[in-house]
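A.B. asks: Below is a structure I'd like to ask you about.
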Amino acid sequence: MKHMLKYILKRLLIMVITLWVIITLTFILMINIPGSPFNSDQSSNETVQANLEAHYNLDQPYYIQYLLYIKSIVTFDFGPSIKQPNQTVNDLLSRGFPISFELGIITIVLAVISGILVGIIAALRHNGFLDYLTMGIAVLGISIPNFILATLLIQQLAVNLEIFPTATWRSPAHMVLPVLALATGPMAIIARLTRSTMLEVLTQDYIKMAKAKGLSPWKVIFKHALRNALMPVVTIMGTLFAGILTGTFVIEQIFAIPGMGRYFVESINQRDYPVIMGTTVFYSAFLIIMLFIVDVVYGILDPRIKMHQKGGK
Amino acid sequence: MKSKKEIEYTQSAANVPDEWFSWKERDKEKLEQVSRPSLSYWQDAWRRLVKNKMAMLGLIFLVLLTIMAIIGPILSPYEVNRQSLPDQYQPPSMEHWFGTDNAGRDVFTRTWYGARISLFVGFIAALIDVTIGIIWGGISGYKGGRTDNIMMRIIEVLYGLPYLLVVILLLVVLGPSLGTIILALTITGWVGMARIVRGQVLQIKNYEFILASKSFGTKTFRIIRKNLLPNAMGPIIVQMTLTIPSAIFAEAFLSFIGLGIQAPFASWGVMANDSLGAILSGNWWTLFFPAFFISFTMFAFNVLGDGLQDALDPKLRK
């Protein structure tokens, strides 16, 4: 228990440092932007200029600005937008994030469940037809970028066959194509990983033992094998979250979904620096906290994990 | 004369008469002979890689793609960026093998030009990752102790940073160009490689031949270069084959959100992004060729990486 606590505290410390690095990085980049966004000639709008000055305390020296910047982020205030005078990043977040979150959650649930199932089937049919078929599709799934898959899906299923609507986010039918485009890559990664760890686990003595006891194949797989086979899947969850999140940028853009990712890409194209920085910090913080949760969950699930690593493997 | 052992043996098998046995002379020459030629680690790995059909398919595709990336734009009579509005949206024909795009540019020329950019970005990014990763991971793993602790904590912090978000942030500030894209991709990209190198070094440094080398008084740097690295090369190469497609993907992704290579360069991501509208109007070829080549290049690297992983794994050696 003491080790567990120490492990969690260590991860927590690393998380805080990582958060601090990304916040500091955005601050340094912000004051170094060529033709600074705070230049009055770039943002001729007076309201905007006033907003910026109020938020970033531009009359203060850099170190005070820096401290106030950190304070504003800790208190969840991500600053104003340059291009849309009466908008703040918080406004955009509260409008767009729920939609992106919905898209992300559906994608993750679909990818994890179907990925694990496909992985198990492939492992049970090792070197069989189903194994080759699913793993062949999985390699393709990893190789086709999500934005390419999205355009292919639109062209085939929405324009040619007219099965699904092409864009926007209104009904479950609208969700099918974007979720499919976004989930295929992670699904393929999870399926491949589950298969390879499953194959390893299935050769172990305790599985033979469970079979020898006369347990049903279902029980052996789901109760004994899968539990251990899923450990590596937990470790890559952090990376998968990051991939899906950045994936939402292009998917929302292509499908005209009014989520956060779309605002983000728009702000990049319009060089709306405060929105870019604010969103980046928000997204980074979100992902870093997710990574922390994944690490802690992994620590709880795997009793073998060394709680106090010291320069060893 | 029979030896003592032979006498004992015949006596124990009491009922079998001696005459039934004949003594076969051992051929000392033959004993020393090796039954088949010994293969070095690399020869064996290559032999196994060749047997893997998918990996070879990937390798052949990549070799052809590299050749076309070099000579493709020269073969074509069209300039990469020469716009010609009368030739807008020509379907594939004898003049334009892959058709033309919204500005009447030749898609065939642009595809091979895009291959140059994608392969260049992929290889250079992977090369820089490997260099930094080997130095960082090598020192961290070999030194151990406090050095390792500090270096690993730095890696853990960098590993936590969301890769593509940092890349986007840097490109927004630095402005997108070939150089800044490679810089942004490598600035945190080497972390994965460093972790792998460190893991390898930690494992190998405890082997006896390293101890032997040390006891001869070999210098640390020489041990790392001559003994550690060659033995850690397998996983490093595998990681490298998997770094290249992720760099190619990142470049295409960035182009797609407007942070990619700018004109006069053409990249597959830029081409795909430009032709998004065209797909609704039925000019499929403008999207098909860049999409096909991005996907198939990533596919080729992935299957080659899988094949190399199996081929270079000493545990699977037969």
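Positions of Cβ are set from backbone N, Cα and C atoms, glycine also.
In TrEMBL, annotation is done automatically, which means it is predicted and not curated.
According to TrEMBL, the protein has these features:
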- B:55-75: transmembrane segment (TRANSMEM)
- B:115-305: domain 'ABC transmembrane type-1' (DOMAIN)
- B:117-142: transmembrane segment (TRANSMEM)
- B:154-174: transmembrane segment (TRANSMEM)
- B:180-197: transmembrane segment (TRANSMEM)
- B:242-265: transmembrane segment (TRANSMEM)
- B:285-308: transmembrane segment (TRANSMEM)
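Could you give the neighbours, burial and distances for every feature on this list?
C.D. replies: Long-range neighbours of the transmembrane segment (B:117-142) within the same chain, counting only residues 6 or more positions beyond its ends whose Cβ lies under 8 Å from a Cβ of the stretch, are 65-66, 69, 148, 151-152, 155, 178, 181-182, 185-186, 189-202, 205, 220, 223-224, 228-229, 236, 240, 243-245, 247-248, 251-252, 261, 265-268, 293-294, 297, 301.
Non-local neighbours of the transmembrane segment (B:154-174) in the same chain are 136, 140, 180-181, 183-185, 187-189, 191-192, 194-195, 250, 253-254, 257, 259; each lies 6+ residues outside the stretch with a CB under 8 Å from one of its CB atoms.
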A.B. asks: At a C-beta cut-off of under 8 Å, are there same-chain residues at least 6 beyond the transmembrane segment (B:285-308) that contact it? List them, or none.
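C.D. replies: Contacts with the transmembrane segment (B:285-308): 45, 49, 52, 54-59, 61-62, 65, 89, 91-92, 98-99, 101-102, 107-108, 111, 114-115, 118-119, 122, 234, 237-238, 241-242, 244-245, 248-249, 252, 268-269, 271-272, 274-276, 278-279.
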A.B. asks: Could you tell me what the rest of the chain brings near the transmembrane segment (B:180-197), counting residues at least six beyond its ends with Cβ under 8 Å?
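C.D. replies: Same-chain contacts beyond the flanks: 121, 124-125, 128-134, 136-138, 140-141, 155, 158-159, 161, 163, 166-167, 170-171, 174, 232, 235-236, 239-240, 243, 247, 250-251, 254, 260-261.
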